[in-house]
Amino acid sequence: MKTIIALSYIFCLVFAQNLPGNDKSTATLCLGHHAVPNGTLVKTITNDQIEVTNATELVQSSSTGRICDSPHRILDGKNCTLVDALLGDPHCDGFQNEKWDLFVERSKAFSNCYPYDVPDYASLRSLVASSGTLEFINESFNWTGVTQSGGSYACKRGSDNSFFSRLNWLYESESKYPVLNVTMPNNGNFDKLYIWGVHHPSTDKEQTNLYVRASGRVTVSTKRSQQTIIPNIGSRPWVRGLSSRISIYWTIVKPGDILLINSNGNLIAPRGYFKIRTGKSSIMRSDAPIGTCSSECITPNGSIPNDKPFQNVNKITYGACPKYVKQNTLKLATGMRNVPEKQTRGIFGAIAGFIENGWEGMVDGWYGFRHQNSEGTGQAADLKSTQAAIDQINGKLNRVIEKTNEKFHQIEKEFSEVEGRIQDLEKYVEDTKIDLWSYNAELLVALENQHTIDLTDSEMNKLFEKTRRQLRENAEDMGNGCFKIYHKCDNACIGSIRNGTYDHDVYRDEALNNRFQIKGVELKSGYKDWILWISFAISCFLLCVVLLGFIMWACQKGNIRCNICI
């Protein structure tokens, strides 16, 4: 029995001497890359879901909830629509001569003057909005033979009956309404916008009381255009106590052109003109509050950052905004392929290289070295290969933003009911554009992600090949991203391999001797694992024999009793 115990002990000692890492005349050097416990899934051309160590979201999917007042000049319409402010509704007098980059119309806005309609409302609204100003210049029209500045109880200015401040309601004087024929030249170097209207009485009696004639007519002409409107007399739905209406029209007079107004009744005359400016001002319907902040991009939901190339907040935008796409998320890979580190390394705790898995906890770089030698184990990052990968990835996000950010705004589009088919066509075109952009965005991101992953894999392979060329025949590729170094390689030696100053000639003879020297059981990797497992099994068997022998000896001495009952 003592002989068996002694042999078992000797065998274990010999076996232990041959475990990996105990040979001080060799070392192991592994190359690896950064890994995280939980990576981010991205899409590439070849794979719908591939895990990377880091990724950046490219789609802005939320707003600040408020419209920033900088750097754009925001004009809050409050209770007024832009057209009401243009006409001079009494409760919109505060908007006279105002300027803006973006006019914000609220859902609570209302008209509080004479009931009116604008046959080409959307065009007028868009024209004035893009002009960015309500600057108004009064002109002296000669309205001889009629009474001016008519008012209505439906349009109070304070406690007095009043009317739109930018329009002049003309009606009979001493039961007479002569034919009016007035001209006004444009001697300036800018376009003039004239707003005028036609009154539609609710009854024939109202018509004759105001304009004497049973039917009036209004003709407004320039060298380029002419509009003739015949009033439609008849009752309409009651609004603010009135069943009559005013139709609002507009005429643009170019420099050198002339405005001609001819009427024998029902004319709502202009008091002057608005200056038309060319610019990128706009209008937006929104109930988002206006706050003190800064943002280049504004949507009806509120301002959004424009540091991402895409947004999913709203199709309607103003300013330099990300491109609208349908996707809620598009992630751009800004790190390498993630292969989480295995928590166990087998029975003997060997280190492993990048072919098996990544390394967690590498905070100094993306690529690096781990070693195991006579001085212990260690790890260090390779800053050169890390920087090479980062330099190529860093500008990727900025390049995508430059390709996609719009330097103009997407305005609201309105059409009258008559233009319904045009509206349907326009909507189809817009939807098609969004579909195309959404597809292009997904394709662009997938291509960039594929390039990033290929790039980072390539840097890893470059570092591995660089190390292989340094070590040459002094080491053996273990097939898992590691090298078995066949000479004593302390930490200084390992450092020289990392920084590229390793001289393989210095260690060549020692490495060759160690390669061919037989130490115990030195086997090639094809049979080494088998022998180790067989040796371990024999050791366990011998230990079991020892334990069984002890039990039998104890039974013979009477120290242990064994009763078998049937």
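Just so you know, the numbers here start at 1 and follow the chain as drawn.
Keep in mind that glycine also has a Cβ here, set from the backbone N, Cα and C atoms.
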Have a look at Swiss-Prot and say which candidate in Cys30, Cys68, Cys155 forms the disulphide with Cys113.
Cys155
So, in Swiss-Prot, which cysteine from Cys68, Cys80 is disulfide-paired with Cys92?
Cys80
For Asn142 (N-linked glycosylation site), just count the other CB atoms lying within 10 A of its CB, please.
10
